[in-house]
Amino acid sequence: MRFSSSQELDKQHHYHLLPDSDLQNDRTGRKWQKEVTKSETPKNKSQPDVSGRRRGRFNKYALAGAILASTNSILLGYDIGVMSGAALYIRDNLKINSTQVEILVGSLNVCSLIGSLASGKTSDCIGRRYTIVLAAATFLIGAILMGLAPSFSFLMAGRVVAGIGVGYSIMIGPVYSAEISPAMTRGFLSSLPEVFINVGILLGYISNYALSSLPEHINWRLMLGLAALPAFAVALGVTVMPESPRWLVMKGRFVEAKRVLIKTSDSEEEADMRLAEMAKAAATLEQEPSSRSWHGQGVWKELLLRPSRPIRRILIAAIGVNFFMQASGNDAVIYYSPEVFKDAGIHGRKQQVGVTVIMGIAKTCFVFISALFLDHFGRRPLLLLGSTGMAISLAGLGLGSEYLRQCYEKPAWAIALCIVAVCADVSFFSIGLGPITWVYSSEIFPMRLRAQGSSLAISVNRVVSGIVSMTFLSISEKITFGGMFFALSGIMAVGTVFFYFFLPETKGKSLEEIEILFEDKPPDGNNKGLAS
């Protein structure tokens, strides 16, 4: 494949292959050189730092785009939060049993598998921006169906549609944010989806508390139907977003890509440098980059049938972090927190829902703190801190639950221990696995594999989430809540070991540089934490 010397970026900038004599030291056999006009800075004039690697301040345009893309995640968070309370009233109003409640709660996660699997190919075909609009529109339809549901089967139909929308949104939001972000602020911007998920969870808790006093045949319908309002707002707001510059480069639309990069970079020189890196990464595509016919074909074969050693390591890291995110049981703890608090001795529904609001506030505060420090401390330290804290918190929750189960009198200190342990568990999740899973999944895949590779990893996320959500109550009835929490604590201990050995640090590196970390001999010892 070649970039033609006539491929014009604008009136002054062109990209050319270097002469053959200069290619011998390049590992891919290709290098890119920027040709500048005489009107640019003379050679003897000092050049400004255009790398963008030393700047920590936020580019307003990139921040606005990431926020708009991430607001889709409010819909998933709201559903997680609101179902914890709505399920109580749905059970009474529709006369359903525990198994049906588990199916109702877990069905959204299982059906989101459809959306997450399809989202990679869809975003490669129609672009990241329109995929975000599609996700919001699908969830909007699902929310309306759930709000108007006259029966359990109708409610399940709404959950299926909403689940597909969730699958689209949780893949495309982090990918879009990562692709539009400068390297030094990518951690924060790519973790915004998790921030908005937690905002949505908190809004769901508040909705539960505010509407719980209404008649039970009305309150849960309002709780679920209100999700249509943010979905409608997101669908409108996303239409003003720019397209991902990396997707534009893969489509050969360099002029449009540069316009976006100029707005999301601190200088035109930095935009040129970022565009050169993207153009070089796009050189691995089989088709002409100027061709608009590439729609992500051949990616699944490269990922699953003939993966290279670096790609295999990337897959292990991405799938592993997504597996442990949901195997931690965080979603199930949130969905069934009223049941957990009831088992701990808090019997009033208003009180149960009120405690979940406190839990939501703690979760939201810590995820925002983590997002702010991701680009300062890095991914690995916060991930290891979070997973270790979760293992300890879940062990404490199991201890408190077992003590309360065996006591006829419910001592206040044991109830307080359970409440503190639950809040600590979700807070440590928000420090580590919550935001970093989305950041890591969206940044470690090469450009040509990013959308569909992320969709594969997030599909594993959705499958595990659905299994845990649909079996949490049943397993807890067999081995008690205490036994369940001890098991989850053990899973997180294993997860901490996995993160230590298989996930290298990616802080401050461009997306085009990260692939090198997974090669056999990464430069400068950057393979710390990566097992051979």
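For all residues, glycine too, the Cβ spot is worked out from N, Cα and C.
Check TrEMBL against the ranges 154-176, 315-337 and you find transmembrane segment recorded for 154-176. A contact between the transmembrane segment (355-374) and the transmembrane segment (101-118) is absent, since fewer than 3 of their C-beta pairs, 6 or more residues apart, lie under 8 Å. Recorded stretches compared: 61-81, 218-241, 412-441; the one with the most Cβ pairs under 8 Å to the transmembrane segment (188-206) is 61-81.
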